[in-house]
Amino acid sequence: MGLPTPEKQEKSIVTEKTRLFITFWLADFLFALPVEEVVEINRSLDITPVPQAPPYVSGIINLRGQILTAIDLAKRIGLKREREAHHNVIVGREEEPLSLLVEQIGDVLEIPVSQIEEPPEVIEGLDTDFVKNVSKLPDRLLVILDPEKLFKV
Amino acid sequence: MSFEEDVLKDFITEAKENLERLDEEFVELEQRPEDKELLSSIFRTIHTIKGTAGFFGFKTLEAIAHFAEDILSKLRDGLVVADEETIDMLLKSVDYIKAIIAALEETGKEPIDDTYLEFLVDLRNFADKVARRAEGGAEAPKPPQEAKAEEPAKPSPEEAKTEEEAKTEEEAKTEEPVKSEEPEPEEPKKEAEAKVPAPKKELEKKEKTTPKLDKTPHVQLTETHVRVDVRLLDQLMNLAGELVLSRNRLVQIASKLNDSELQNATQNLSLVTTELQEKIMKTRMQPIGNVFNKFPRIVRDLARSTGKKVTLRIEGADTELDRSIIDAIKDPLTHLVRNSIDHGIEDPDIRVQVGKPPAGTLILRAYHEGGQVVIEIEDDGRGIDVEKVKKKAIEKGLITPAEAEKLSDREALALIFRPGFSTAEKVTNISGRGVGMDVVKTNVEKLGGSIDIQSVLGAGTTVRLKIPLTLAIIPALVVTCNSQRYAIPQVSLRELVGLSEETRKNIHQIGSSEFFRLRGEMVPIIRLSKILGVEPSSQENAKEESLVILTSGAMDFGLVVDEIWDSEEIVVKPLGKHFKDLSIFAGATIMGDGKMALILDVVGISRKIGLKTEDVDRAKEAMATEAFAEDEQQFILLFNVASEEQFAIPLALVARLDKISADKLEFVGGKEIIQYRGRSMPIIRLENFLPIQPLPEQDEYHLLVFAEGENEVAFLVSRIVDSIQTKIDLDEKLYQIEGVLGSAIIKDRTTLFLDVYKIIEMHDPYFFVKVIPQEDRPYRILLAEDSPFFRQMIANYLASSGYEVETAVDGQDAWEKLQKDSYDVLITDIEMPRMTGIELAKQVRSDERFADLPIMALTSLASDEDKRRGLEAGIDEYQVKLERSQVLEALANLLKRKAEAQAA
């Protein structure tokens, strides 16, 4: 899956102040992460379970020789997952990269900064600790996750 | 980076390398003070430093180098001889130079500190002294020198440099104006600054005067070597590792496709990849000599400051290790060497008193073994007093006195590695630095290595480090648990035990822990599935299970795994921070098939075992008794007289096996004898005493020689069948013949066990020395032994020595017999049903009636540990069953002691 290049982003900044987000599905939520946080997206990779690891850790994956921790994102953010999460969203440019397991990948969305809002105090069925912002899309709420919180052990 | 910065960096790197070499050369110089070659080499090094320092304007550095060079020039020209004082001063100069270089590397500036100036004054004065000595010593042979010495006005350091005479003149001239410009009070500094213009001239001079040999190596060095960032090498190596894995996958695919062209291509790729990986590995490899060569200096300094004499021997300096490991082992090694000199090697006079040479020997040794590097630090010092270690550990509260009692020597020595332990009676400035052996151990373990200490009191100590060749690629054993693969670093591996029905008998459940009996040792075992918290293997899979015996340095333990997969070289990759609390994993690796495996952290797992102390104690107790059960295994010698009958005797009874030709047999005075080792030895033909088939006529016979003191006798037999180790399960009923202990099936044949002592006595009633009976009656012995074989044999040899023997089949039986009759001595086996020998001894000792009854325990192999336990139970003597003469001697002593005690 091709990702938009930074130049494209800059161009859009010139015309209208927007931000690009990678979106993905977990349960009935549409989540988003800023595009600059995402390294790549992979379909199912073999996960080797790590016994005695924290419950939200699915195991480790082999990404071209690099061993990454695979996080069961649903468990991490207190969500009840209904389907298998097969997709790996690899995040972390600065930090040690992580793989977030999600059910399905959504579109890349360009969202005007003006439409990025503070999250409400409660989102039903979700631990709002990990939510940085939300954006009201025509048909649903886009939940923008806080990568920093996800990285924290 | 500017040109100057670049050059400075080069200078520092080069200086560092040169200084390393200087340390070594100076120590060598002490041994060969007149070695011109060596002196020239040192001189050149110092000279280069001086020149470059001048170029950059590092004045202190230049001045130190200058005076050192002065002294060296006198040595080189043979005007003075290098004595200890001179070399000390020169070494100090090297130290100061090193310190300045270090500061330069860090800050780019010379350190501003009075100590440097103070030293400079000392050095200058010393240089003057040397110069004066040179003048005195050089009178006759060097007239030009003499002439120069008469000019008192000139600064002395320059004087002796005959070749630089002219330059000195020049310098003396240029000195004045510079001095006036710099009105600083410190003389040496002025001196130093005054020299600023000198170096270039000197350099030119050197180029003219020194042979070409001096220059060539430098040129070569700069042209053939490139300095590369180690991180770049790391990346290269990681990539090479990945390349290997990709290659492996490709090879697998190629073999499936069966396309010869593709296979050729992959084969070629395969070769190149392997070579590439090896070469990249090699770039990181350095000889361990890079660390070792620091030790001549350290050892010398330590020996000087402690007043000891130490000869350092370095072996295997060219053994190669990964660079990062070389760096990491420097400190632990230094600590261990300090320890050896400070605590190990004795003062010269003490050494002489105990009959050792006054100079102690310290050996630093490195060699490859099984994909690892072993480094040994061996000294011939006083060794480690295990009792002292225990005492100290109790004082420090590391263990309780009760625990100390139970510790084996190895366990006690391991106490040294506990945090908060230091054996030095007095804290010295050398070893008492607050860095304990525990830190050494931790550092070595961090490298994936292990440390082991062996010591013989009075004879020396050897510390052995096992270090992986490289941190990045390690040999590992791959095992499975619950269908997942796990890698165990080979460095921690002791041995593998397949868990068959037979070997499972050695697993003992004690309390909540399981133990495996491994050659007399109780090793705690744990299931990997339990550590990992996963499903244990199902019943039918359990048949495949194996036990991996691991060592964490401090303790050995067994890990039960589902299957042993393979042994493989693995690339260690760290785990993410989400796993940082998981002490049971050391990382992960990608296997040849692209799948991942977690690497087990043996030390971490050993901490998870959570042994209960009382279980360990009980295990040891169990071992003590279990060990005796194993005792019943005996080495048996099988032989034929006539080919259809097989006989057996315990191999331990035979003094020698030999062959003779039939013509050596003589028949003299009604006795059959042979000439054997210059003496006549009687021969026993077994058919003369036992109802068996006679010995057939042969050209050559076998001899089984038995000895008792001076007396020797031999059985004449036709063939030695074998010697085997077996448990003797004797049937006594089938053959109730004198001279036969019983029968057993061995190697599918009914075998008669012969009573060697009885047969010899039948042949010659005076062969064995008899004890002198006590007054009116023979000594009465009660023998408790559950094995009929040993019971009969021991009873027979006791009886043949003149004792009256009553036998009991176990401890309980013996106890009952003790109630009915009186005996002079009790001899007991340890491992017996119903009541063991230990229990019997305790019971006997708790009864006042038997307070004086001597007790002797007979085992097949008595360890110190067993003896100690026996002594605690009240056993007076420990002997080995088959050592007849020793048993008899000990018995006689026991009875003598008893008689004396009674008389008193």
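Sequential numbering from 1, following the chain as shown.
Just so you know, glycine gets a Cβ as well, placed from its N, Cα and C.
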Annotated range (TrEMBL: coiled coil) out of B:5-32, B:481-508, B:845-872: B:5-32
Most Cβ pairs under 8 Å with the domain 'CheW-like' (B:633-765), selected from B:262-471, B:473-611, B:780-896: B:780-896
Rounded Cα-Cα span from B:His47 (phosphohistidine) to B:Asp829 (4-aspartylphosphate), Å: 79
Secondary structure composition of the domain 'HPt' (B:1-104) [DSSP: H/G/I, E/B, coil]: 89 helix, 0 strand, 15 coil
Segment-level pLDDT (mean, integer) for the coiled coil (B:5-32): 77
Largest tally of Cβ atoms lying within 10 Å of a Cβ, found at which of the modified residues B:His47, B:Asp829: B:Asp829
Helix, strand or coil at B:Asp829 (4-aspartylphosphate) [DSSP, three-state]: strand
For the domain 'CheW-like' (B:633-765), residues assigned helix / strand / coil by DSSP: 17 helix, 74 strand, 42 coil
